[in-house]
């Protein structure tokens, strides 16, 4: 009977995790149409200049890949998975504590990287691009810290440049933080390791060349001014003054178990050289695991856990306080990376960490390699290896903004935006078939807050802004203020009006003139976990003063 070493078991587990995660995502690549976020990503990827008001320039980054694949959604998703896994391989390999374990770490890195598609947002987006960018930057930094020689430095500089380029288009705040890190490391290394310093500065120069491949550098100042103006007009919360307030306010939604885990983790890191640090570190791990256990019943009932990213991050922080003795800078960067990637979101800032679970998972896997206690090392390795398949399976069973599981997507339809063939669930198929072409070419003001997929399904065009996001009360007024009187009179509407939008100018206009509009009911559809019966209202012919439908 062959007995595997702990390193062999880790490799075998990593291979199984990668096969499961990769296979599940490949199975789902041709299934499901999300009519909310996914349409937002695809409109910008198809045309980075689709709208004048622009607050995220990721379309310039994604457009070449989208165009190369001819807008085929399944192939586009598969390409995103492959790029993500490759970035995970690069980062995981460089985190290995010794050369003999590079294969296991590379394989696990690929599996963990695929978890950025939790909770089943599988179409390339600014979130996936930002996470890939962060992985590449950290992979390059790890290479420079661990390896000498010109070839390694050149490879590291290229990885860092690719990562910063992705961050620049996906999430500019992440690009700024990454640039500060690279310059700080270059300054710190200048006296002791001039070759490393030159490689880091070279990466910054190479980043500018890569950015120019997607957007001429002469257009960058104008783009930045446009983004700044759009952020001001739209009153976005990711300004330097508003962001800290949002982060603190979002903390109120964090469950008590994770609040306790956070306090314990912070205390453990502060007191890590004392006996109290050990108790607090174990406490952070226990509270984090208890939270994850508490989500199991709801997950089995078809729900999706809201803060697994924060839980894993706090577990990794507590574990680091117990066993971290080597690679302190790399481990610190892994634990800080999710916060950097999450900056500037509409969502809860702490729930946004769910998109970046690759970093705490890699930290757990790396820390386990240094744990002197066999039982704890085995437990940490098992948690790290089991997490990617379990998280993606939970997401596939209750995918974000889809009415049914991935395994229920069995009806062939054409994507309303790209025309590519996909399989969807019965509810989505009914909605798409019932809405198709009912407002072709119309100027559509969607006051339902459901998502840009409604306009795409109807064949209509949303003016000024692609999407009246349900978290933005002022955006309907922004749109209305930029429409001429003639455009307002020929606009079509989608109702019922979201309560948040009820005080807005277009909602009041629609209410005041409802008698002059004709109603067309649309098939029932689930948006944001809520079944909605939407209505399309179009200007009626003059002979129909009081339409009933």
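All positions are counted from 1 along the displayed chain.
Glycine residues also receive a Cβ, built from the backbone N, Cα and C atoms like all the rest.
According to TrEMBL:
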type     : residues : note
TRANSMEM : 73-91    : transmembrane segment
TRANSMEM : 103-122  : transmembrane segment
TRANSMEM : 128-145  : transmembrane segment
TRANSMEM : 152-169  : transmembrane segment
TRANSMEM : 175-191  : transmembrane segment
TRANSMEM : 198-217  : transmembrane segment
TRANSMEM : 252-271  : transmembrane segment
TRANSMEM : 278-296  : transmembrane segment
TRANSMEM : 302-322  : transmembrane segment
TRANSMEM : 329-346  : transmembrane segment
TRANSMEM : 381-402  : transmembrane segment
Requested in this report: Using a Cβ-Cβ cut-off of under 8 Å, list the residues of the same chain that are 6+ residues beyond the ends of the transmembrane segment (73-91) and lie near it.
Outcome: 18, 22, 25-26, 29-30, 42, 65-66, 106-107, 109-114, 116-117, 122-124, 128, 131-132, 135-136, 138-139, 142, 159, 358, 362, 415, 418, 420, 422
Query raised in the report: Who are the chain neighbours of the transmembrane segment (175-191) in space, where the CB to CB distance is under 8 Å and they lie at least 6 residues beyond its ends?
Result: 133-134, 137, 141, 144, 160, 163-164, 167-168, 197, 200-201, 203-204, 333, 340, 343
Query raised in the report: Considering pairs 6 or more residues apart, do the transmembrane segment (329-346) and the transmembrane segment (302-322) have at least three CB pairs under 8 Å?
Result: yes
Requested in this report: Could you tell me whether the transmembrane segment (103-122) and the transmembrane segment (381-402) have 3+ CB pairs under 8 A, leaving out pairs under 6 positions apart?
Outcome: yes
**Report entry** Stretch among 103-122, 128-145, 252-271 sharing the most Cβ pairs under 8 Å with the transmembrane segment (278-296)
**Finding:** 252-271
Query raised in the report: Between the transmembrane segment (302-322) and the transmembrane segment (252-271), do 3 or more CB pairs sit under 8 angstroms, pairs being 6 or more residues apart?
Result: yes
Requested in this report: State the residues, same chain only, that lie 6 or more residues beyond the ends of the transmembrane segment (302-322) and have a CB under 8 A from a CB inside it; answer 'none' if no residue qualifies.
Outcome: 118-119, 254-255, 258, 261-262, 264-266, 268-269, 272, 277-278, 280-285, 287-289, 291-292, 295, 331, 334-335, 338, 350-357, 359-361, 363-364, 367, 371, 380, 383, 387, 391, 394-395, 397-398, 400
Report summary line: Most Cβ pairs under 8 Å to the transmembrane segment (128-145), of 103-122, 152-169, 198-217, goes to 152-169
Requested in this report: Sort out the residues at least 6 away from either end of the transmembrane segment (198-217), same chain, that have Cβ-Cβ distances under 8 Å to it, and list them.
Outcome: 57, 60-61, 63-64, 140, 144, 153-154, 156-158, 160-162, 164-165, 168-169, 179, 182-183, 185-186, 189, 223
